[in-house]
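Down below is the structure, laid out as structure tokens.
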Amino acid sequence: MDPENQTMVTEFYFSDFPQFEKGSLFFFIPLLFIYMFIIVGNFTIFFAVRLDVRLHNPMYNFISIFSFLEIWYTTVTIPKMLSNLVSEQKTISFVGCLLQMYFFHSLGVTEGLVLSVMAIDRYVAICNPLRYAVIMTPRLCIQLTSGSCIFGFLMLLPEIVWISTLPFCGPNQIHQLFCDFEPVLRLACTDTSMILVEDVIHAISILTSVSIITLSYLRIVTVILRIPSGESRQKAFSTCAAHITIFLLFSGSVTLMYLRFSVTFPPLLDKAIALMFAVLAPFFNPIVYSLRNKDMKEAIEKIFCSQKMFSVSGS
């Protein structure tokens, strides 16, 4: 096609959202509740760790950072999904789509790195407890957190810049619930064989993070099973259970979505997997960390009790 006769796409249309009068309200209300729960739950965990001095240690610091990332990770996509459920237009600008992809995946990569750091932290705490305080210093924790954020946001930048240079001349219908690399790249009016390169980049990132976490926890479980005291063994398992649960939720859905290469799923299953890692995994994060952790529950109760006392004294 002659480039001069091409009409460049300035916005994309999410074609898979139902019309408002055809039952979109049925999806809107649960999704709104889930989003509000994610925001409130993760903010509660974040402030509980920051306000309770008993939780000022590397493990809870990483948990609070992960919860903070979850807030923005979901904010990148869910509000737009809610808007698409009640709006007639259901569109997003080209720049808005690029920004959504960039922040969604950058935050996702950063979360994967933070989960890796959390696994290493538990490995040192359980496998080398006598040197834990010497190794996991506050300075190292800051460096690991900062490094995860910097690497996570720099890694996706070249890919987004490359996509921004591609010609999009129609069609403009995205068959997904949010802007994602593969659905958007398939709309480009040029050779999209670079999708394979994009898949390889994601695969390396995901497999590296999963390998580090898996090896760490395999070693941790081996050490825990050697502990003679049943009570100590149970306590060691309980400190790792929440991390392992979140890791399985996060990595399982991400692996299904981005490590399948040429394998195609039915559209409904594709969207279910997308919802799993974009919505459901962040939804379970505050549940897992607040219900399975005694110290966290006490810190959260202290926040709500102090708020009640403040409101009573104020009245």
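Cβ coordinates are placed from backbone N, Cα and C, and glycine is handled just like the others.
TrEMBL annotations:
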- 41-289: domain 'G-protein coupled receptors family 1 profile' (DOMAIN)
- 25-48: transmembrane segment (TRANSMEM)
- 60-82: transmembrane segment (TRANSMEM)
- 102-120: transmembrane segment (TRANSMEM)
- 140-163: transmembrane segment (TRANSMEM)
- 200-225: transmembrane segment (TRANSMEM)
- 237-260: transmembrane segment (TRANSMEM)
- 272-291: transmembrane segment (TRANSMEM)
Review point. Given the transmembrane segment (102-120), which of the listed stretches 25-48, 140-163, 237-260, 272-291 has the most Cβ pairs that are under 8 Å apart from it?
Key: 140-163
Exercise for review: Given the cut-off of 8 Å on Cβ pairs that are 6 or more apart in sequence, determine whether the transmembrane segment (272-291) and the transmembrane segment (25-48) share at least 3 such pairs.
Suggested key: yes
Study note, to complete from the structure: Same-chain residues at least 6 beyond the ends of the transmembrane segment (25-48) with a Cβ under 8 Å from one of its Cβ atoms are 18, 55, 63-64, 67-68, 70-71, 74-75, 78-79, 81-82, 85-86, 279-280, 282-283, 285-287, 289-290, 296, 299-300, 302-303
Exercise for review: Report the mean pLDDT of the predicted model across the domain 'G-protein coupled receptors family 1 profile' (41-289), rounded to a whole number.
Suggested key: 85
